[in-house]
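The annotation repeat 'ANK' is assigned in TrEMBL to 25-57, 60-92, 93-125, 126-158, 159-191, 259-291, 292-334.
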Amino acid sequence: MAEAHEEPGLSCACCGRAEADHPYIDAASLHQAALYGDSKQLQQFIRDGADVSAVDAKQQNATALHFAVESGSKTTVQALVDAGANISAQNSNGVAPLHTASANGHLAIVQLLIEAGADVNVRNENGGTPLHGAALFWQPKIAKLLIDAGADIQAKDRDGRSPLHEAVRAESLAVARLLLDAGADVNATDDNGDTLLHVALADGRNCIQLLLDHGINVSNKNSRDAEGNTLLHLAAESSATLLQALLATGPDVEVVNNDGATPFLYAAAHGSLEQLRLLADAGANVMALTKEGETALHLAAGDPEHSYVGYRPDAVEKLTLLIGAGVDVNARTKGLTALGRAMKCGHEPVAKGLRDRGAKE
């Protein structure tokens, strides 16, 4: 009669080895240990024969290494690398462990992966590299590490955006400066033809001076966005610094967008008193009208129909400049004067300022 086996994990009399020397370890358990950075449990799973290359189909085919990198545990990542985990594995979105480590700020893990041979120019499904991620998520130390390891500072993603585009878009001044100092193209454009100035005006205004300091070309001032706005229009709304630089190149200050608005009208609606003054001093026509017959004063007062402009702290000073320049305080468009528009918008300080200057509803 055959001898009975002992309890699991104890020696078996018939074969002389433990029954549970290599128990089956499912991928979910391994991945959970990796995700929580439980290096001791993970190393036990590895000793027990867990498949470090197994993917989680419910999590974009991520591997244990993806989860470990996300946890930020260098020890856990090191254990997987030592066990032969594929450092180049990409999930369903093309994301490699180095993408995740770079975007999440895990400096030590980025160093570990690079030393283990990770491709610093690996691309995700959108064409983004780890350097794009470091730029977008404010990681200057990681960006430098990647650049020193050979990352392509001019790499463009599927939309034609370079890491510098991402740094400017995120207002990551430190990364933008690092990239420019490393030789990134300050005049790079994306597939929409947008320059870094377009990006800065939309999302990264604190990078404008840096771009100007590095010699960005402002001569392409008549390139337009989807609404027909030139850089001059956009600067009239967003950046007195850039507006001054553009005006120094002698642009056409009467260029109009799709609404028939000149940069001066755009500044009246969206910009500051300083921007309005800069354009007036540059010879802009203060009497210009939009296609709908709106004066600069109408635009400064507000647009109740389209919420064209919100109340600005310097709105009353803008009114003073415009009225002083001769703009008719009681001109009407769509049946409304500037005072009528201000009242409909609920801009009481503007309404009071207009009344004090002789405006009628």
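Think of each number as a place in line: the chain as shown, counted from 1.
Just so you know, glycine gets a Cβ as well, placed from its N, Cα and C.
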Overall pLDDT for the repeat 'ANK' (93-125), taken as the rounded mean:
99
Remote residues contacting the repeat 'ANK' (259-291) - C-beta distance under 8 A, at least 6 residues beyond either end:
227-230, 232-233, 235-238, 240, 243-244, 247, 253, 297, 299-300, 303, 308-309, 312, 314, 317-318, 321-322, 325-327
Per DSSP, what is the helix/strand/coil residue tally across the repeat 'ANK' (292-334)?
16 helix, 1 strand, 26 coil
